[in-house]
2 protein chains.
Amino acid sequence: MTIKLGLVGTGTVGGGCLDILRNHREDFKRHLGVDMEVVRVCSRNPEQAEARGVLHLFTEDFNDIINDPEIDIVIELIGGTTAARDVVLGALRAGKNVVTANKALMATFGDEVMDLAREKNLEVGFEASVGGGIPIIQPLKHSLISNEITSVMGIVNGTTNYMLTRMVDDGLSYEDALAEAQAKGFAEADPTADVDGFDAAAKIAILASIAFNSRVKLNDVYTEGIRNITQLDMDTADDMGYVIKLLALAHRTPEGIDVRVHPTMLPKAHQMAQVNGVFNAIYVTGDAVGETMFFGEGAGAGPAAAAVMGDVLEVARHMTLGIPPVVGCTCTDNLPIVPMEKLSTKYYIRFSVADRSGVLAAMAGVFAKHGVSVRSVVQRGSAQHETVNLSYVTHTASEASVRRVLEEIGGLEDVLRAEPSVIRVED
Amino acid sequence: MTIKLGLVGTGTVGGGCLDILRNHREDFKRHLGVDMEVVRVCSRNPEQAEARGVLHLFTEDFNDIINDPEIDIVIELIGGTTAARDVVLGALRAGKNVVTANKALMATFGDEVMDLAREKNLEVGFEASVGGGIPIIQPLKHSLISNEITSVMGIVNGTTNYMLTRMVDDGLSYEDALAEAQAKGFAEADPTADVDGFDAAAKIAILASIAFNSRVKLNDVYTEGIRNITQLDMDTADDMGYVIKLLALAHRTPEGIDVRVHPTMLPKAHQMAQVNGVFNAIYVTGDAVGETMFFGEGAGAGPAAAAVMGDVLEVARHMTLGIPPVVGCTCTDNLPIVPMEKLSTKYYIRFSVADRSGVLAAMAGVFAKHGVSVRSVVQRGSAQHETVNLSYVTHTASEASVRRVLEEIGGLEDVLRAEPSVIRVED
């Protein structure tokens with residue numbers, strides 16, 4: 001029995017998938033008892049298909065794949081939520097299993113996709129949608145199932161982690177770090193999805209849905225990016241024993257799921273603080289297993305293709321054994337999302353203020369008025385004449401109170417010289 | 001359908017398993033569609049069973065579990081390779097699936113166990129045998145299957161990692177670190193299995209067997225422990241930018257499988273160098289995925305029980321779905337084990353030698369004679385009168401040549417003042 005694959009998308013990940021099958025088809029037969037063959041390839045780009053040696057399998061119309069009765073598994077690698085959604089839903093409707101690397105699709109239409117798969121008794125693999133080659137969805141759906149997962153924290157965007165690493169290690173500015181990431185091909189010409197945190201938000205939505213058995217969608221995730229991180233914040237964090245990372249966080253709380261993406265100060269000794277460059281890591285805490293971390297390359301043709309083909313092989317293994325899907329949608333609960341205002345955590349807040357007497361006292365008064373207790377405050381001069389930087393670290397405080405502090409200090413007459421920088425602190 | 005469990009062993013891990021089921025039985029029904037119940041418990045210790053609230057299920061004879069037609073899955077947690085082997089093989093012969101945390105058993109009789117399971121069409125889960133709660137066997141048997149795994153490196157013994165961490169962080173001697181580990185319950189009264197590397201050897205045998213699809217047994221693993229590590233070696237490593245870890249290593253080479261356990265100098269910047277205390281980590285490199293690491297708590301009731309119950313739930317899930325075992329023995333190849341003499345790596349070698357002229361030159365001559373190229377040599381005084389320590393780091397050299405160097409320097413008249421310390425270097 002040879003499992004027939006239809007590949008939609010012939011970019012770098014698609015190319016990586018073709019390479020894996022070319023290199024290891026005989027190994028898969030011997031080790032797994034699974035034989036597989038790509039029988040059709042769809043792309044908008046025949047030159048790309050030719051370069052990958054699959055022009056003879058080429059079509060420009062994905063319906064040729066969906067409607068091909070011979071095809072068992074459709075691999076969707078075109079990204080986005082329009083054509084990709086048609087491909088995935090169309091393939092399922094036509095009775096084909098699906099493997100996708102599409103985080104945006106799964107974080108937005110994951111319920112629709114998984115419901116249809118269940119109805120059709122088909123499988124949908126999406127390991128590659130989070131963390132590149134790092135096994136994390138499989139471990140959450142299998143190895144860790146004896147746990148109640150209490151939190152998931154991830155460095156899941158390689159572009160921003162590369163930029164932050166360059167900023168902290170080599171003193172680059174945000175702009176220079178971004179330009180370098182773009183030059184190296186780690187960041188897109190329009191870097192919004194990465195630097196504003198939306199890519200990470202889609203990934204934590206997927207992880208939280210599985211970890212907490214309750215659907216979390218992209219729109220549920222409070223999201224802040226790294227555009228406002230300055231070298232001064234980096235230095236202050238360093239002095240205080242922290243590093244700044246763009247973290248995707250999801251916590252199970254008595255009130256529901258707290259899920260967010262934002263720059264976060266992590267103690268240098270934390271295992272995640274040492275995840276640098278384009279590497280990703282996902283830190284999972286369970287009630288029995290305690291703390292675990294999954295680390296690896298978060299992007300690139302090889303890692304993403306390894307995850308895609310791992311899913312394809314798993315589905316093919318089930319088909320070869322003649323068994324139904326083992327695990328489908330795991331969202332059996334319906335937990336509320338905790339609104340961001342209800343968050344309680346520690347905060348780093350840097351104000352750039354007028355350098356004159358009375359300002360520090362006025363600000364201290366505002367913190368006290370709203371019940372935000374200050375752990376430390378550091379004053380530093382600024383390059384701007386008559387401006388100083390005041391960096392506060394609070395004890396645990398509510399987001400709502402901190403917002404009131406920010407609002408009221410913003411309203412103090414002739415005090416603020418720039419937008420305050422707010423970074424949450426994870427201890 | 002309620003899956004009936006028989007538990008053999010009521011120690012800390014067994015207690016952890018009972019706790020998990022007690023806390024989450026309803027969750028498992030809701031999330032996984034799996035209902036499970038412990039119906040019999042075997043132990044040599046009725047008091048322990050009573051303390052865990054399962055005296056009413058108690059038997060002293062494991063045959064009562066093996067022969068109970070009601071029982072679907074037998075959980076073996078007694079350890080060792082005698083009674084445990086009888087329990088595991090007996091359960092399989094009686095048509096019951098097995099979950100075990102027994103690394104010694106799987107590293108010694110794994111082929112016998114897996115062959116019998118295949119013959120009987122039954123499952124054997126052993127995730128807990130390596131890395132405590134860290135998912136590693138499942139990821140190797142599922143998520144990473146699209147890769148040719150090129151190497152597996154593990155810090156898989158929490159006791160020795162705790163000791164080495166205390167030695168490097170707080171300057172404890174080996175003896176003091178061991179005494180402390182024993183006082184804290186991390187080390188046994190007889191610490192041989194941990195400090196001499198046999199525990200780690202069993203674990204890397206299991207990991208290598210799966211990673212390379214070829215059976216590796218405990219006896220195949222070259223094993224050195226940490227008894228000879230001194231504070232001087234720690235300090236020298238630190239000066240050179242390394243930390244010393246007890247690593248379990250398995251490499252796929254053109255000549256076969258190179259598999260060993262020994263103290264190893266790792267660069268401080270390596271992700272594994274930062275795995276401290278009782279934490280474990282397994283670093284897996286694949287041809288497509290690149291570098292990945294799995295990190296977590298390597299021991300303790302919670303983590304080990306989480307892994308055991310994860311396996312139990314997976315088997316129960318398959319039984320509930322009415323499907324046969326998905327993955328059994330994966331040793332489909334038969335690769336040779338590379339003898340240790342064929343190893344090529346870098347070496348740190350410390351000699352304690354007589355402090356007199358001519359010694360350094362004579363030693364340099366021996367290194368040159370055997371073609372072992374020296375990268376650096378550092379001389380330090382010693383507390384002993386008229387003795388100095390010479391620490392060499394070599395370029396890549398063959399184990400055979402290094403052994404000849406050691407032998408010949410050992411034969412130099414009145415030169416050595418103590419056994420040389422040899423630590424391999426991984427860059």
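Each Cβ is built from the backbone N, Cα and C atoms, and glycine gets one as well.
Because TrEMBL annotations are produced automatically, they should be read as predictions rather than curated entries.
Pulled from TrEMBL:
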- B:Val8, B:Gly9, B:Thr10, B:Gly11, B:Thr12, B:Val13, B:Gly14, B:Gly15: NADP(+) binding site (BINDING)
- B:Lys103: NADPH binding site (BINDING)
- B:Glu188: L-homoserine binding site (BINDING)
- B:Lys203: active site, proton donor (ACT_SITE)
- B:348-427: domain 'ACT' (DOMAIN)
Which residues, in sequence order, are found in the same chain with Cβ within 8 Å of the centroid defined by the Cβ atoms of B:Val8, B:Gly9, B:Thr10, B:Gly11, B:Thr12, B:Val13, B:Gly14, B:Gly15 at the NADP(+) site, excluding those residues themselves?
B:Leu7, B:Gly16, B:Cys17, B:Ser43, B:Gln48, B:Leu77, B:Ile78
How many Å lie between the Cα of B:Val13 (NADP(+) binding site) and the Cα of B:Glu188 (L-homoserine binding site)?
16
Where's the emptiest Cβ shell within 10 Å among the binding-site residues B:Gly9, B:Gly15?
B:Gly15
Pick out which of the binding-site residues B:Thr10, B:Thr12 has the most other Cβ atoms within 10 Å of its own Cβ.
B:Thr10
Cβ distance under 8 Å to B:Val8 (NADP(+) binding site), same chain, sequence separation 6 or more: which residues?
B:Val41, B:Cys42, B:Ser43, B:Phe62, B:Ile65, B:Val74, B:Ile75, B:Glu76, B:Leu77, B:Ile78, B:Val87
Below 8 Å Cβ to Cβ and six or more residues apart, same chain only. Which residues does that give for B:Lys203 (active site, proton donor)?
B:Lys103, B:Ala107, B:Ser129, B:Val130, B:Gly131, B:Gly154, B:Val156, B:Asn157, B:Ala248
Using DSSP reduced to three states, classify B:Val8 (NADP(+) binding site) as helix, strand or coil.
strand
Rounded to a whole angstrom, what is the C-alpha distance between B:Gly11 (NADP(+) binding site) and the residue listed as 'L-homoserine binding site'?
15
B:Glu188 (L-homoserine binding site) versus B:Gly15 (NADP(+) binding site) - Cα distance in angstrom:
20
Closest of B:Gly9, B:Thr10, B:Thr12, B:Gly14 to the residue listed as 'L-homoserine binding site', Cα positions, binding-site residues only:
B:Thr12
Is it possible to get the count of other C-beta atoms within 10 angstroms of the C-beta of B:Gly14 (NADP(+) binding site)?
29
